[in-house]
C-alpha cells in the first residue's frame with residue numbers, strides 16, 4: 001500500500017511538469033483527446049493480463065461501467081471547454097472544490113458518516129490546494145501578483161465539473177465494491193467503454209492532423225504513467241476509498257513543487273509552506289498520523 005500510494009503521488013505530481021516539457025513554442029503540439037484514448041487503451045491492455053478465466057459474467061455486471069466511463073469522458077471534455085471561460089490560474093484554484101463535492105457524494109451515496117474532525121481535515125485539503133494554486137510557486141522573472149478571471153458561464157461549468165468529478169469517482173467506487181468480480185475483470189469493462197467513448201469523442205471533434213501528430217518520448221511517458229496511475233486508483237477505490245484518493249492528489253503538490261523548482265527554476269513562496277502545513281494537519285486529523 002505504501003509503495004502504491006507513494007508512486008501515485010509521484011505520478012500525479014509529475015503530470016503538469018511533464019506537460020510543460022512537451023510544449024513547443026509554449027504550445028501543446030498534440031491532441032489531448034489522442035492522449036486520453038491511448039491512456040485508456042494502455043489500461044485496457046494491462047487489464048487483459050489479469051486473471052480472466054473461469055469467471056461467469058452477465059450484462060448486469062458489464063452495463064454499469066458504461067455510465068462510469070461516460071461520466072469520466074464528460075469530465076475530460078469539460079476540462080478542455082472550461083478553459084474558454086476562465087484563465088488557467090482560476091481553473092487551478094476553483095477545481096479544488098471537487099474535494100468537497102466528492103466528500104459530500106461519498107458520504108451521501110455510500111452512507112459513510114464523516115465526523116467533524118474528518119470534515120475539517122478535508123476543508124484543510126481545499127485550503128492547501130487553493131493556497132498552492134494562488135502562488136505556491138513563482139517565476140522570478142514574472143510579476144508576483146495573481147489576477148483571477150472567470151465568467152458566469154465558467155462558474156457554471158466548474159460547478160458541473162466538480163459535481164461530475166465527484167459523482168464519477170463515487171459511482172465507480174460503489175460498482176467496484178458491490179460486485180463480486182476480480183478487479184482485473186472490472187477494469188476490463190471500465191476501460192473498454194473508456195476507449196470506445198473517447199474514440200467517438202476524438203472522431204466527433206474532427207481534430208486536424210494525425211492521431212499521433214506532435215508526439216514525443218515525453219508524451220509516451222505521460223501515457224504510461226497515467227495508465228499506471230489509473231490502475232492504482234482502481235485498487236484504492238475497491239479496497240480503500242475515494243477519500244484516500246483525495247489525500248494522494250493533495251500530497252502530489254510536494255512532487256509538483258520539487259520538479260518545478262528543479263526543472264524550471266521556479267521559487268517556493270510562503271503560500272507553498274502554508275499548503276504543506278494544511279496537508280500535514282489534514283493527514284493528522286483524518287488518519288491520526290503524528
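From the backbone N, Cα and C atoms, a Cβ is placed for every residue, glycine too.
Because the structure is a prediction, the values reported are computed rather than measured.
What TrEMBL records for 93-110 (among others) is transmembrane segment. Long-range contacts of the transmembrane segment (93-110) within the same chain, counting only residues at least 6 positions beyond its ends with a Cβ under 8 Å from a Cβ of the stretch, are 86, 119, 122-123, 125-126, 129-130, 133-134, 148, 150, 155, 158, 161-163, 165-167, 169-171, 173-174, 241-243, 246, 250.
Non-local neighbours of the transmembrane segment (119-138) in the same chain are 89, 92-93, 95-97, 99-100, 103, 144, 146, 243, 246-247, 250, 253, 257, 260-261, 266-269, 271-272, 274-276, 278-279, 281-286; each lies 6+ residues outside the stretch with a CB under 8 Å from one of its CB atoms. What TrEMBL records for 119-138 (among others) is transmembrane segment.
The annotation transmembrane segment is assigned in TrEMBL to 150-176 (among others).
Beyond the ends of the transmembrane segment (188-205), by six or more residues, the same chain brings 31, 33-34, 36-37, 40-41, 43-44, 47-48, 50, 52, 61-62, 65-66, 68-70, 72-73, 76-77, 172, 211, 230, 234 to within a C-beta distance below 8 angstroms of the stretch. Summarising the annotation, TrEMBL assigns transmembrane segment to 188-205 (among others).
For 217-236 (among others), the entry in TrEMBL reads transmembrane segment.
Listed by sequence, the residues of this chain that lie at least six past the ends of the transmembrane segment (243-264) yet keep a Cβ under 8 A from its Cβ atoms are 5, 8-14, 16-17, 20-21, 99, 102-103, 106, 118, 122, 125, 128-129, 132, 136-137, 139, 169, 233, 236-237, 272, 275-276, 279, 282-283, 286. What TrEMBL lists as transmembrane segment is 243-264 (among others).
Annotation comment: TrEMBL describes 270-289 (among others) as transmembrane segment.
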